[in-house]
């Protein structure tokens, strides 16, 4: 059915009035958005075990919805993605793309590029020039083999194919490096600096390609030159006039209240739109303006962090997948027909990989980089992604790339990005024996003995967020008192790594050489809620607090915890339980997920010291009741020493439960550990599951200290908690 664009209405009168909502703009856009998000999230879930970036799932989801798969059904394509809805979908997607490129520019620090040195510049130069030269060579073959390419201008074809082969996706590379915990290592920092150089060079080449493409449709041969001159003038104006103005705005926002910040944030978002309109008016794509405006924002301050938090979820989570869907609707894999066409695809992939990896590898070796690191750098620099799709879509929009050529280059980008993570994991494996190998029992016992003899008690406490802070503070108050040795507390805020820009920026600030680093409190430094809650302890003489963050995938979070525990020679690791209660007799009101339960289990398995799981059961009150379960062994004796420290606190009541196998109860006294004999309850049991009773009454404890190899059932009046 043919539609006149001027007759399309925004919303329908409803099905009861006889209207089909899918023939109206807004209801159809809602359906399209929901379908795109559902497919991309499902594919991301399937690819998560392979540690692939989310962009892979979004590109694959767009292809799946397009004419390559589901779109082959014409009824489905005409119902959900009719041709009249394409301008609407692409307009909304372009808004998301504009703001995403603004975030990319906000993430790219030009000052770090200047500080990166000659090695990164040489790697970037080789990583751009050699693939581009290979692209020029392969262009001659593609123009003859692919139908329609010989009708395109030779210079335009060379530029778009050369850029598509030589580009490195800076945002995707940052997320892959963060996932592999390489972002703050020498390899990761070199790759990021080289990718930043590469990104800037790619945008310059893309602006040149767009200018030449537009010049071909104008009667004046000087149009391309005027476009380039205007583009250079725009960049100069933004960096010399707008950038100092945004630095002033950033300083003002750090001093103002939230109500004042809103005006500046809205003004900045309007500036993104205006910059996009200006570059579109010049003749360069609108996204170029958003990217340049992002470069003018001051980096590392409170203003940039607020900007990122305000828009990143809406842009990357909702709008950006629509761009991948619109790209997928243009990708028809069926256009690649015959052995010759698939051979061309293999040739393009091989040429792209060879140019990128070979050029980077040779220059890295000349810079005295080890072989494995040089090869890993080559694979990392071969990462493609969203920026690649942007180049290809502009090329198709300018009619430089045919449908078959477009499909070949999209599949090339998908394959090269997919291979990056497994290839780097196979080539470059940093030594993490401290964190990944379980220590023998003899070595573990020696560590416990060493920690027990320390004058200063060292504890590594891991929390998921502000909700875990009150129970941890209560535990610290119970342990620290004037009669005992000083306490040094390392507070580690555990945060799951995501694809968000803010998450990547936190990794860059919170890690060093691939691991979290410990830092003290500094006056005037911006702190999160967890770190700020423990700052007052540093004003007392008995407790020293050092905050840190562990931003990592849940599957490898235990490596960070065990590494810090070993490096700082802590005597005990305290983990937050994955459930919380808000008072006796209530149901659990917070469950952070079974993923965190797996983190706790891996820490228990690999930890170099005793581990305690802190269960916040919501019992308040002036008197704190603590139960210690004693089986024997070095870990239990350390827990006993900890209980003895608590027992000297006037507001703490400690009860020791000694579990012994039936028939093996001895009369050895344990009161020398600092616990009164009348506070000890011996329980005889033949099984490994023992409910705790005090006489005939069930006992409710605020803290329960138990060995990690014990399966315990703690009974209360309304619930039973089982900790394995």
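Even glycines carry a Cβ here, placed using N, Cα and C.
All annotation found in TrEMBL is predicted automatically rather than curated by experts.
TrEMBL assigns the feature transmembrane segment to one of the listed ranges (190-211, 300-321), namely 190-211.
Residues 223-242 are the range that TrEMBL records as transmembrane segment, among 223-242, 243-262. Within the set 383-405, 406-428, the record from TrEMBL flags 406-428 under the feature transmembrane segment. The recorded stretches the transmembrane segment (153-178) and the transmembrane segment (223-242) do not share 3+ CB pairs below 8 A when only pairs 6 or more apart in sequence are counted, and are therefore not in contact.
Of the two recorded stretches, the transmembrane segment (341-368) lies close to the transmembrane segment (120-141), with three or more CB pairs under 8 Å once pairs fewer than 6 apart in sequence are set aside. Within the chain carrying the transmembrane segment (55-71), a Cβ under 8 angstroms from the stretch's Cβ atoms is held by residues 35-36, 39-41, 43-44, 46-47, 77, 81, 169, 172, 320-321, 324-334, 385-386, 389, 407, 410, 413-414, 417-418, all 6 or more beyond its ends. Remote same-chain residues near the transmembrane segment (120-141) are listed as 154, 157-158, 161-166, 168, 190, 193-198, 201-202, 344, 347-348, 351-352, 354-356, 358-360, 362-364, 366-367, 377, 381 (criterion: CB distance under 8 Å, separation of at least six residues from the stretch ends). A Cβ distance under 8 Å defines the sequence-distant neighbours of the transmembrane segment (24-43), meaning residues of its chain 6+ beyond its ends; these are 8-12, 54, 57-58, 60-62, 64-65, 80-82, 85, 88-89, 92, 318, 321-322, 324-325. The average per-residue pLDDT of the prediction over the domain 'Cation/H(+) antiporter central' (487-622) is 75, rounded to a whole number.
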